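Here's the structure we're looking at; comments come further down.
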Amino acid sequence: MESKIKAPTKNESRIIKFMILLGIFSIIYFLQFFFHPEHIGNPYLYALLSISILYSLVKKLYMWYNYSNISVPESSGKVPALKVDILTTYFPGEPYQMTITTLEAINQITYPHTTYLCDEANDPYLRNFCEENGIIHVTRDNRIDAKAGNINNALKKYATGDICVVLDPDHIPEPNFLDPILPHFEDPEIGFVQIVQSYYNIKETLVARGAAEQTFQFYGPMMMTLNSYGAVNAIGANCVFRRTALDSIGGHAPGLCEDMHTAMLLYAKNWKAVYLPEVLAKGLAPSNLTNFFKQQLKWSRGTFDLLVKVYPKIFSKLTGRQKIHFGILPLHYLGGVISLINFLIPALSLFFATTPWKGNIIDFAFVLIPVAASSVLIRTFIQKWVIEKKERGFHIIGGLLHINTWWIYIVGLAYTLINKNVPYLPTPKENEWNTNYKIIIPNAIIGIISITAIIYGLQKDLTPFSIVMAGFAFFNALIMAFGIYLANKVTNQNRILRSNLAFSKISSLWSFKHAFYKGANSTFMVTRAIALPLLLVLLIFSMNFKNMNDLARWENVSVPQHTPLSGKYLGIFHPYQETGLSDIQEITFIENQQDVNFNIVSLYLAWNRQSIESFPHDLMTDIFEKDAIPIITWEPWTAELATQDSEPELREGRKSFKHIANGTYDNYIRDFIQILKSYDQPIFLRYAHEFDNPQYPWSAVGGNTPEEFIAAWKHVHELIKAEGANKIIMVWNPWKAHNMAGYYPGDDYVDWIGITLLNYDALNSDGQYHPFKDLYKPFSDEFFWFTRKPVMLAEFGSLKIKDRQEEWLLDAMTSINREFDEIAAIVMFNSAYDKNIPENDWYDQRYLDWTTGSMKEISTRFNPNPPRNGNILKQLTLENPATNPISQFDIKGVHYKKGKDWKNNYYVLTREELQNDLETIKASGLNTIQFKGSDIYDYNIRSISEDVGLQLIYEFDIDASRNYLGNNKKIQKLAKQIINKTERFKDDKNLIAYSFKFNLEQQYVKPLLFAQRTAYLNWLNSLITEIKKIDPIRSIVIEVPLNNETMDLIQQMHNSFPVDSYGLIMVENNMEQLYEVMRYSAKAGIDVFVSDIEPKVLLQNAASFKNDNFILSNWQNERYSNWLNYDGLVDFNGNRKQELRAVKTLLTGLSPEEKMAEVRILKPAVPLTPNSSLEYSAAIRAGGQWLTAAKHVQDFSFDWSLVKNDLYGNPLALKNLGSGNTIKVTIPRDYENYELIVTAKRKGLNYSTSNRSLLHTKLEE
């Protein structure tokens, strides 16, 4: 039973201290994050949470403080000749056998001593036992000072020894009990020696186990450190006192915690103490909840009493370490108040639909990991110094028991505050297994409150934050349920498994248990060995990831990369002679011979009358019949269209692009476009290819400029739109990478990028062989700066010379697959009739031969996956015609997007915030919100919008990037989810419509777009038909972008689609197009309305919308982890913009508040240099002149923010800089990509105005 614990080595002591320092650093790091003002949710709950966290961290620090200086006392080993008195007590009702067993064990102690039984009952049985066993029986006629008075009675009247041992009647000493203790009394300054308090009934019940677990760390490393601090606690169960020390304080101190009281008084008299970490006696731990609660009430009341009444009186007489110990130790019992706070926080959050903290949960995890790791790993490392190996572990039962004792600790605190006494509580009675079930009422109440809060709270507010709070509340309820279980299942000896399982099963379980404990011990040893490096790694890992997370929101914010899907295509140009037309029969032969399939067939047509009059209709038909797509290289040899009376420039083919842009060739262009349109099939149009190639007159050789090219390109594009040839796919094809960006007309005018990539091998201009990568990479590098369009190698091949063709082609395929995934189409230039032979002095053939036999290998490596072609809606049949047009409702609405993508969204959409937003929307004259479905926020949006009195258009959240081709299980699952939602929503009174977006052009590139549209609409047709069966009352709305295709799409869908209304998404101020669609729809009897319009466009055309339905783009500016926008009626901080003020005036007709003054940013009149700090000022326009904000600072408040943009000016991230009429800005390195926002708000007004400006002044400014 003797402990063999040794003090830590110097290296172990250094490790302990260093780990504690890391833990302290982790706590500081956590607190710095937690207490950031922007994380404050509900201020009252935040205050409670702060109290709970601070208490827990202080408690942790106190434990680490008591781990930092472990020591084991040394002695000479000589047992001095001291007269010893050993005293134990008896209180009426305690079991005889327990007392007798202890007395018998005391008599077995080998060192000479006198035994005393201090009998409060003067019990005849015990008196007789004492007489028979040479024990002095002591009694008294009063019970003053309870146990202390009982002991002191014996000390004053009978005991005369040098040493006084006080044993509780349930603690059984070892025969050598005094041998290791007495040598320490050689030092005359030692007033008492304390040994380990251990228990022999730990396995009796879970309560006994939990009660013992709460002492393991205290009697191990903590008391061993207190030994170093000179602040050892005296424990009444088995403490050994010097009699002169006790006499110096008037004997054993009275009170509920008489042992702690005694120690405090002895220290005040300058006595010292020793803690001996050896198990020399074992006693009984409380075996049921009633007895445990009695014990804890006694200790909590007693320690609080000492803190309030004794500690202040002796404070000046204690050492610094003793002041810390006796001042903090009683605060352990404040855990009851903290537990109550922890119970209330989630319950109140659920009841009131709020949250105490609203920071980023991922960041919270990163800063919490070091604290948690420090706690676990320090505890693991320090457990080498617990008294016995079996005491190692996380002591979960002890922790749960402690939490369940919360109300007892509160009662102890309350009794202290009102100075109410707690009666003396004896040790547990024999066979006292029954529990007083009244003691579980407080825990049952907390459990019921927690469960009620979950049910009520989630019905009222279903958000990620309420779900988290519900998780905490449920955890609290489980803890309370465990406490109730402890009150009922008092014994572990239920033998349920042994009574119902076969012996083989029992043996297997025993084997598993043995293996588990063996594995746990091995894990402990390994963890302990690597505790310090593991803590360092976790700390560095967490801080690094937190830092990376922070940088990802600002310095290293990732630019959103969205690349629409295009499919992959393999094409061919294979003429049958010296012509620009491919030979379909030859192509079919190559496909059969080389086991390959071509998805694109190339042909070349010049600008001349023959291209109209002799258009290759048969070839086009053959191409479509083989389910391929033609690519027409349309060469503007404009001189061939000139007439005799044309001006010289036209006859010479000069300035082609200037004349194209001026409309000179519009009739020809329209005729050609109409031919292509007539096929109603996708057609690639490679117009004016290689515009920078001096071999062509449409290059600079012909007097053409990049500006003229761009103007001509846009003009042709507009003509294609005007003619409704929506299946034409525009391919922009430069010749060289150099300066090609100067010719780029913009993504709105280009569908694909074409590249001429031909390997001339030894016929290259430098006579050298160049691999594919060297030829293509200059293009790829340049594309990065101006476009993400898919790339087509519109002429791809390698000359059949020097036997290197196949090697070059296959190497090219390897490079494409590894490095250039933007290449989505390859058109093999498989001509044997190319007369464009570079200048050389050795090639003597008439033609260049590009034909290859490597088609199969190229196809296998490139792996084309083209969609099947199809006309939009060709398979649809109208089953359920439109019956509920949305025009029956008056709609003045706004999109509410704050619940979108909640994981990356900066807004915390609590019920309170949602309620405030919707009430403000209603007060602004708007009567409808459109909300994109979210499983997280659906419930709140539906219930609150109905309470507020807003109409709701529910937009189903459909990922447009899904593959709608084929039998896709994901879209089938999505359809079921939508049907299920319809079933749930159909009884909502304020729900007026279901909405579906038709915007696949953001996700797909032509021609894949056409096939996906067809598949999507077929899927949507069957889905809407099912919805109408479930909910025939609601309008079904399809929203389409307002562009040149809108009328054609609406017409086709209207004739074969069960849609009630069409919403028009206005992506720009294209009012003429809107009027055109409106006029057409009115004539055709199609119900349309504007379902997405920016506030500024609405206000610019207010007269047109006053009596029409419309939905504004956004309620509040959107802000996500790596992008944001400014299209809301409310800014990022919740300030109402001037646009909202104007909308309210438009809709309500009420007189507006005083108009807000304009605000501008005054920039510093110096050149910007990175890392310098410059001051920017706000200016206000008042009385027709601009004045600095300093003159108006009494009337206005100014808030400043910095916005980081990408290279194209798209906003990525926002940082709040502060408030004031001026602001200091540290200039970023790439300051050209930053903007400053100032928001001004006049006191007393509800609206704000803002200005956004680049940090620097552009030259043109």
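Here the Cβ of each residue, glycine as well, is placed from N, Cα and C on the backbone.
Some features that TrEMBL has for this protein:
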TRANSMEM  15-35  transmembrane segment
TRANSMEM  41-58  transmembrane segment
TRANSMEM  331-352  transmembrane segment
TRANSMEM  364-382  transmembrane segment
TRANSMEM  394-417  transmembrane segment
TRANSMEM  465-487  transmembrane segment
TRANSMEM  525-545  transmembrane segment
DOMAIN    546-862  domain 'GH26'
ACT_SITE  Glu690  active site, proton donor
ACT_SITE  Glu795  active site, nucleophile
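Highlighted: of the candidate stretches 15-35, 331-352, 364-382, 331-352 has the greatest count of Cβ pairs under 8 Å to the transmembrane segment (465-487). Cα-Cα distance from Glu795 (active site, nucleophile) to Glu690 (active site, proton donor): 11 Å (rounded to the nearest whole number). Fewest Cβ neighbours within 10 Å among the active-site residues Glu690, Glu795: that distinction goes to Glu690.
Summarised as a single figure, the pLDDT of the domain 'GH26' (546-862) averages 93. For the transmembrane segment (15-35), the residues of the chain that approach it from at least six positions outside its boundaries are 8, 50, 53, 57, 60-61, 64, 67-68, 70, 357, 359, 363-364, 367-368, 370-371, 373-375, 377-378, 381-382, 531-532, 535-536, 539, 543, judged by C-beta separation under 8 angstroms. Under the DSSP three-state reduction, Glu690 (active site, proton donor) is assigned to coil, being neither helix nor strand.
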